[in-house]
Amino acid sequence: MWIGIISLFPEMFRAITDYGVTGRAVKNGLLSIQSWSPRDFTYDRHRTVDDRPYGGGPGMLMMVQPLRDAIHAAKAAAGEGAKVIYLSPQGRKLDQAGVSELATNQKLILVCGRYEGIDERVIQTEIDEEWSIGDYVLSGGELPAMTLIDSVSRFIPGVLGHEASATEDSFAEGLLDCPHYTRPEVLEGMEVPPVLLSGNHAEIRRWRLKQSLGRTWLRRPELLENLALTEEQARLLAEFKTEHAQQQHKHDGMA
């Protein structure tokens, strides 16, 4: 996958290119990241990249000419088929379904805004889609862009050490992930669930699915509203609810 970055602070993306899963992907040639700074497309002595908004008001906007020139340079480098994305609070909220959708693109150009944003006409003429990582304000689009890159790169074949990892992540099937345990078997009196030590892969799969369903019901019940549960999933969720109610009753009786 090839990803182009438009940012006033391209050095921030060393967190993606130099470390962790994405860093290994870059090193192994599975992910290619290039960046363009609008500041490199300025022609004045101060390398100005901001401008006052029409109509007044606080704050500045990114200057149109350097931004457009940077986008055009990225498009030229990408060639045909690159999707241009603007990271914006007004965009579609990124979720696992959206990540999976974006991962089908071989080329992405991510435009990171600064100041109060960018000229609406640049959005209309240069941007294919707007995406947001949540209903809150950040200082720029770099962190959302890094979030998008990290999540999308997990779908690139060969990036993860275990090919099943991406499909077993939280939200991969619309559910939260199940609890995980490693050594020691007993930690401050808390034991690993016996089923995970049993070696019975069918029962382990069933336990993990039940816990995934139950955790989603407890923490993000709205996610279940969008799912058509299979007969097995519905049965396991009912079992979890019964067990949870029994545990709560026992806890209340001890209080």
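Cβ from N, Cα, C; glycine included.
So that you can see what the record holds, here are the features copied from Swiss-Prot:
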BINDING   G113, I133, G134, D135, Y136, V137, L138  S-adenosyl-L-methionine binding site
Least Cβ-crowded entry, counting other Cβ within 10 Å, from the binding-site residues listed as I133, V137, L138: V137
Binding-site residues listed as G113, G134, least Cβ neighbours within 10 Å: G134
Chain-internal residues, separated by at least six, CB under 8 A from D135 (S-adenosyl-L-methionine binding site): P89, K93
Local Cβ density at Y136 (S-adenosyl-L-methionine binding site) - other Cβ atoms counted within 10 Å: 7
